[in-house]
């Protein structure tokens with residue numbers, strides 16, 4: 001599409017050529033979209049051999065829209081008309097994110113919902129709402145298992161890939177049962193909880209579900225004995241090991257897996273030098289805590305989310321029975337909490353690249369892929385910006401109250417609240433396009449909060465159409481398990497795990513119906 005660029009104030013604005021002024025342009029595009037929509041009436045009712053869940057932590061609908069514009073602008077377009085990889089999925093629904101005890105949820109209770117199929121209290125992972133946060137004695141008897149375990153029990157390979165520490169809220173709900181999401185290692189646990197027999201989350205990673213096939217993320221310091229130097233940051237005390245029990249969980253894993261085709265890696269070079277076909281088990285810990293933001297990532301030593309996802313899929317594909325893979329773009333959430341919208345949106349764009357790569361490596365014939373978020377944030381963008389306005393730019397007017405400019409991106413609360421001389425800061429005096437700029441907020445908080453609105457669920461592949469309407473968040477793993485003939489509901493499956501689904505009408509009839517509609 002032909003474009004021309006003009007300069008307006010401090011931002012570049014792209015004005016599209018007259019093609020968009022023609023009704024025929026929009027009518028033709030709508031008719032093409034209609035044909036695509038009619039084709040989705042031929043439902044994919046295959047059994048899902050593979051399951052992939054992409055979880056954008058904190059990736060609410062405003063974040064998806066802003067990431068779409070950003071990715072389009074990074075590709076030289078205006079941005080608004082761009083399509084993310086997740087935008088191309090044929091089915092979209094909404095998920096209600098509340099926790100059993102919270103209107104606006106946290107990432108732990110939500111993870112229990114979309115991984116274990118049960119809504120739970122905030123701050124808890126892998127336990128039902130009968131468990132009380134931080135009360136160890138409410139754990140036993142209230143444990144709930146995840147779809148990752150259901151898949152493993154069914155003979156599939158399973159993997160977890162995250163940009164956060166591997167024992168953070170989202171990934172931990174896949175394998176742990178903890179009444180406190182912050183019990184990363186025994187160092188963070190109260191003595192009474194340890195004495196009562198509760199286990200830290202890092203330990204549960206290696207003990208609860210033996211032989212998770214692929215584990216990649218950060219969190220090295222929680223795996224090593226107290227004061228043991230980090231391999232990549234020797235002498236940096238804050239990155240030293242923190243375990244009080246003296247255990248070296250990584251070395252224990254290496255010793256257990258050395259004769260089973262297991263490989264431990266801690267940097268990009270090691271990861272990309274692996275031969276996936278000869279790798280049965282993979283443990284990759286690429287940072288002492290969370291991985292760097294993608295904008296700050298060392299391209300020589302730190303793997304991108306896309307690179308981790310590709311290796312994970314290639315390793316998991318060694319199993320002829322298929323796989324389940326959880327992928328978390330976890331630092332979208334961190335960027336928002338810090339009021340750093342640029343960091344958050346670049347994280348979302350990188351996750352979308354990983355979604356595209358996963359799509360290239362698999363097929364919708366036998367792979368159900370779901371993309372969603374655990375919750376939203378109080379992030380927004382507005383201000384009547386013109387078409388093509390850089391997503392990080394200014395609104396085209398000044399406030400009619402304080403006569404100062406403002407950025408399109410704003411937060412309802414957070415660390416970006418700032419007064420200068422008793423009045424709102426004039427953003428034209430700062431570099432609001434800088435990577436770590438904290439967008440202005442209405443209410444001052446050290447950390448910006450989650451949002452409570454519904455989040456989108458994008459799906460493609462076998463039985464993806466079952467994810468429709470406005471549903472509870474815990475519905476997601478039930479659909480995924482049903483599609484793969486794993487877990488509790490397998491009555492529709494014949495022997496061998498094959499789905500015996502009865503379509504409303506045959507595929508041939510569906511094709512004929514679509515053909516007639518288009519005539």
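Glycine too: its Cβ is placed from the backbone N, Cα and C atoms.
A TrEMBL annotation is a machine prediction, not a hand-curated record.
A sphere of 10 angstroms centred on the C-beta of residue 450 (Zn(2+) binding site) encloses 23 other C-beta atoms. According to TrEMBL, the feature Zn(2+) binding site maps to 57, 333, 337, 374, 375, 450.
In sequence order, 55, 57, 107, 111, 162, 164, 326, 328, 330, 374 constitute the residues six or more apart from residue 170 (Mg(2+) binding site) in its chain with CB-CB distances below 8 Å. According to TrEMBL, the feature Mg(2+) binding site maps to 57, 168, 170, 328.
Positions annotated as active site, phosphoserine intermediate by TrEMBL: 107.
When Cβ atoms from all protein chains are considered, those within 10 Å of residue 168 (Mg(2+) binding site) total 29, not counting its own.
With respect to their backbone Cα atoms, residue 375 (Zn(2+) binding site) and residue 168 (Mg(2+) binding site) stand 15 Å from each other. Close to the recorded Zn(2+) site, the chain also has 58, 106, 107, 332, 336, 373, 376, 377: residues not among 57, 333, 337, 374, 375, 450 whose Cβ is within 8 Å of the site's Cβ mean position.
Neighbour count (other Cβ atoms within 10 Å of the Cβ, all protein chains): 29 for residue 333 (Zn(2+) binding site). Cα separation, residue 333 (Zn(2+) binding site) to residue 168 (Mg(2+) binding site), rounded: 12 Å.
For the pair residue 337 (Zn(2+) binding site) and residue 168 (Mg(2+) binding site), the C-alpha distance works out to 15 angstrom.
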